[in-house]
Number of protein chains: 2
Amino acid sequence: MAIWLEQGAEDFEERFAAFLTTKREVSADVNDVVHAIIEDVRARGDAALAEYSLRFDGVDFSRIGMRVTEDEITAAIAKVEPEVMDALKLAAERIERHHARQLPKDDIYEDTLGVGLGSRWTAIEAVGLYVPGGTASYPSSVLMNALPAKVAGVERIVITVPATGGDINPTVLAAAQIAGVREIYRIGGAQAVAALAYGTETIAPVAKIVGPGNAYVAAAKRQVFGTVGIDMIAGPSEVLVIADANNDPDWLAADLLAQAEHDRGAQSILITDDLPLAKAVEAAVERQLKSLSRSETAAASWADFGAIILVPDLKAALPLANRIAAEHLELAVDDPDALMAGVRNAGAIFLGRHTPEVIGDYVGGSNHVLPTARSARFSSGLSVLDFVKRTSILRLGPGQLRSLAPAAIALARSEGLDAHARSVAIRLNLEG
Amino acid sequence: MAIWLEQGAEDFEERFAAFLTTKREVSADVNDVVHAIIEDVRARGDAALAEYSLRFDGVDFSRIGMRVTEDEITAAIAKVEPEVMDALKLAAERIERHHARQLPKDDIYEDTLGVGLGSRWTAIEAVGLYVPGGTASYPSSVLMNALPAKVAGVERIVITVPATGGDINPTVLAAAQIAGVREIYRIGGAQAVAALAYGTETIAPVAKIVGPGNAYVAAAKRQVFGTVGIDMIAGPSEVLVIADANNDPDWLAADLLAQAEHDRGAQSILITDDLPLAKAVEAAVERQLKSLSRSETAAASWADFGAIILVPDLKAALPLANRIAAEHLELAVDDPDALMAGVRNAGAIFLGRHTPEVIGDYVGGSNHVLPTARSARFSSGLSVLDFVKRTSILRLGPGQLRSLAPAAIALARSEGLDAHARSVAIRLNLEG
């Protein structure tokens, strides 16, 4: 049973505030273990990787290479059902086309003084993509992480994926091939992150590491941050559905359960102004739960973190939605545009009754790596911008320097920085 | 004495690689202390702030308010020299005009299937700017951090600045006023970061915290990251000057010292193809050092981390520059554009002999908050983009859903996610 909150109830604000701060994951403190693994990989390179892979994944690098060969990739792809291959290709094409629009443009110009200014964008040279092993290994995530890097112009994209129990999910290798990634290593955990950050005899280091992982991977990414760039540390997934009375409760229940089945820490929230709909959705959730292969996970998520919030009218949902700042926001209402205008904080918005969030997970074209845990208040989903960086450019001639020098010298002096003042003054034979 | 490296020498690669990994700061492990302070501020709010401010800054909130009043700001500004006020205003105007060009545009469109896609940008609602106390309190940094937020449309910008020993630098208050910031609290350290992240009775929480600080502030920012956004954790400053023979050694020496005077951990590097110039610059550095008020700091930085690298020709400087990935790169050569084309990794590039880096610190218009410690390989300087976030938008009608459904269902099934498949299928009366 999800919790029920009713705006207008006396204790609503208190209960809603408490709801907002509910922790949905227990982050195990694995920092010391991770630190030791990273130092070991730095010191011993491939030998350390071999040892950890044998111990944690049961993979023996004296029998199978660390790098996945072309032949293995070809053989794996042959095992993927044709309809899945086609679906991956359609997804890739749509993702690539959408992300191509995100490429930032250089902006080089002269201002009225004749000072040259500019922003120039360049791709990061090498990026590592961490792909989890086992059931958390999603081919769609390979596309969502690798394709923006490819569109950005990243020359070298490396995948690490643990061959937990010996095998790599063939669909993951298919997705990698479709995304154009050929450098794939069967390693995982903190040791894979360390190898990507510092390099080993076999693996050249990268400049940025992206992709989801367990607590060890997340801790390792935090620890190597600075040496390399990292993406956000994603938490459990969440959806907020804002619905009016004119909805099929079964559709909404399916959407709520699509989040809930991800993870026991996932969160599904319905906000509506219609009590009968709310009750019907709740009943539909209970009914649909029975026929899910991951019903245990979904039921736990719905029971622990699910919520139904009743509001007097849909406009009243907006301030709540902005405080929740959901990763996914569905607007299942007659006029979604009117509501959207009032949404400030959300990772992605899905407009109307025929846009289930799941389309965005796979084939919409937009990215499914989105800010969780209310971080849409200050951050964005993954995009091409995460794989480029901006260099600013400044150009003065003697005339421009003369115009700006007095102000620069005055500020340098007021900050007590003599050499700063001198560096400008000396070029104009002024007093530094 | 800076170190000398000569490309072509047998041990060059080894020495250069070692040079690249030299640590320039000792990061004290203050995590436990900082954690305790943050928890205390969360628990006791203003009372904790009062206690820490009395203990660490000698400020008694029973005698003077936590918030700086309008009267105090006005009185402080009256103390600032008119030429410094004018310089701040010129700088602010130029920074604002340049940053206005960085505002990203929404991109809402329909693809060939009729699927609505889009990226919509919104400003972060509230941002906190940490300003250090004492001699590290730079008015120019107030402008560089606050103005991009203002340009982005951030509605609430809050400054915290410790009144170390009782007073706040009047020029900092002047810069805040010019940047339009009126909400200023005289608190600092980890307690200020905690107050900004979690709020107290007096201070409403913000969604992102930016600005430089000491080891305690940096550790506190790392710890509250996730609850709020943070900017990069900046390290000591650095400059790389690439110079041909046709330079005045005194100009280059002044530029190298302008970095060195910041901090004992700052780094100044000269790369040239001309041995006589290199020797003349070194001599000029020694000469100029004598007349600097911060000569002790500058001398230590130059001795410990300064470097002169000789290359056979200037093109050979490029791969080295890209590995160094300097925060500031000066191209003091006849044809800086030709060299710039080969630069991939740099925070900011200063073109030609009349563009000392110091202009960029104050009045160039570009931002002086730039990636340090080789992080220009994967990150960018502060910009308007740091104060906005992107929401992606997806809109399908029944026709578009029918087109994309089979691929979405195939991928959901291949990932073992039943409820995902159902959420699409149920809307089309298909088999989930």
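Cβ from N, Cα, C; glycine included.
All annotation found in TrEMBL is predicted automatically rather than curated by experts.
Going by TrEMBL, these are the annotated features:
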type	residues	note
ACT_SITE	B:GLU327	active site, proton acceptor
ACT_SITE	B:HIS328	active site, proton acceptor
BINDING	B:TYR130, B:GLN191, B:ASN214	NAD(+) binding site
BINDING	B:SER237, B:GLN259, B:HIS262, B:HIS328, B:ASP361, B:GLU415, B:HIS420	substrate binding site
BINDING	B:GLN259, B:HIS262, B:ASP361, B:HIS420	Zn(2+) binding site
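Structural mapping of features recorded in TrEMBL.
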residue	record	Cβ contacts under 8 Å, 6 or more apart
B:TYR130	NAD(+) binding site	B:THR160, B:VAL161, B:GLY188, B:ALA192, B:VAL193, B:LEU196, B:ILE209, B:VAL210, B:GLY211, B:PRO212, B:GLY213, B:VAL217, B:LYS221
B:GLN191	NAD(+) binding site	B:ILE37, B:ASP40, B:VAL41, B:ALA48, B:LEU49, B:TYR52, B:SER53, B:PHE56
B:ASN214	NAD(+) binding site	B:PRO132, B:ALA136, B:GLY189
B:SER237	substrate binding site	B:GLN259, B:HIS262, B:ASP263, B:ALA266, B:GLN267, B:GLU327, B:HIS328, B:THR372
B:ASP361	substrate binding site	B:SER140, B:HIS368
B:GLU415	substrate binding site	none
B:HIS420	substrate binding site	B:ALA408, B:ALA412
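Using a cut-off of under 8 A between C-beta atoms, the recorded positions B:TYR130, B:HIS328, B:ASP361, B:GLU415, B:HIS420 that neighbour chain A are B:ASP361, B:GLU415, B:HIS420. Of the residues the record lists as binding substrate, namely B:SER237, B:GLN259, B:HIS262, B:HIS328, B:ASP361, B:GLU415, B:HIS420, the two whose Cα atoms sit farthest apart are 56 Å from each other. Here the recorded positions are B:HIS262, B:HIS328, and the one with the most other Cβ atoms within 10 Å of its Cβ is B:HIS328.
Residue density at B:GLN259 (substrate binding site): 31 other Cβ atoms are found within 10 A of its Cβ, drawing on all protein chains shown.
In the structure as shown, the Cβ atom of B:GLU327 (active site, proton acceptor) sits within 10 Å of 29 other Cβ atoms. B:GLN191 (NAD(+) binding site) carries a helical DSSP state (H, G or I).
The NAD(+)-binding residues named in the record, B:TYR130, B:GLN191, B:ASN214, extend over a maximum Cα to Cα distance of 13 Å.
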